[in-house]
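Novice: Following this message is one structure expressed as structure tokens.
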């Protein structure tokens, strides 16, 4: 039995704004509809919006849905949330906002709030006469989940927007991986890639300290091992360690053997599943950039 909030149960037993908005020629307003999901897959939502043309405001909204308790409650909540908003304001409503309005949803039911957000986007784009294919970048790229027709771009977007960390969460949000399960490994790879890209971005943004000033006498002679170790330690202390420490980790220089730099990852970095990304992106790339492009970093 799912643990639903009182608000979810209230809108399930007594849903607001259920039904259709017909286009009846009323002056100054226009009706548009957005549809997502599939009855064959177990969830479908049709969202209707009535828009005051002059102000671009949503004056009424109704829904029709085929789905569970969470689907009905999420759809009902959405129709209440968007009334009085301009179309641009409504486009900012996220699936998280819908879930928050309901006081939370079981994670296995988060896909219902995602459907609401997508139906709203579809309705607004239909109102504006923009073909859905023109804005739906989620449908581009390789298909990851053939059971539910979910592309790599959509998986990637949902992972980034909701800070998801495993394939089970992705299944809960957009159903990908919930059929035969053959795509779960691919979903894990996408999550890992998102984490690595985020780590690289954080390093660049937080690499807070100014670039280490590496002396350059203009001489062509290679660095001695003592000089190399001193420079590596300087870069680690001034540019790498502050970033890692801020995230609960750290790194210690263990040894330098030619171009092989051996380090010990500590704290969160030592137990993190993305430790390889930390080595290659956060440490190795920085040392190569500052000292020598042939340096290779290894953990011991």
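Don't overthink the numbers, they just go from 1 along the chain as shown.
Every residue, even glycine, has its Cβ placed from backbone N, Cα and C.
Fair warning: this is a prediction, and the values are worked out from it, not measured in the lab.
From Swiss-Prot, here are the annotated features:
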- 145, 147, 180, 183: [2Fe-2S] cluster binding site (BINDING)
- 201-220: region 'Disordered' (REGION)
Novice: Where does residue 145 ([2Fe-2S] cluster binding site) sit in DSSP terms: helix, strand, or coil?
Specialist: strand
Novice: Which Cβ among the binding-site residues (145, 147, 180, 183) has the fewest C-beta neighbours inside 10 Å?
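Specialist: Among the binding-site residues 145, 147, 180, 183, the lowest count of other Cβ atoms within 10 Å belongs to 180.
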Novice: Beyond 145, 147, 180, 183, what residues of that chain have CB atoms within 8 A of the centre of the [2Fe-2S] cluster site's CB atoms?
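Specialist: Sorted by sequence, the hits are 144, 146, 148, 150, 176, 177, 178, 179, 181, 182.
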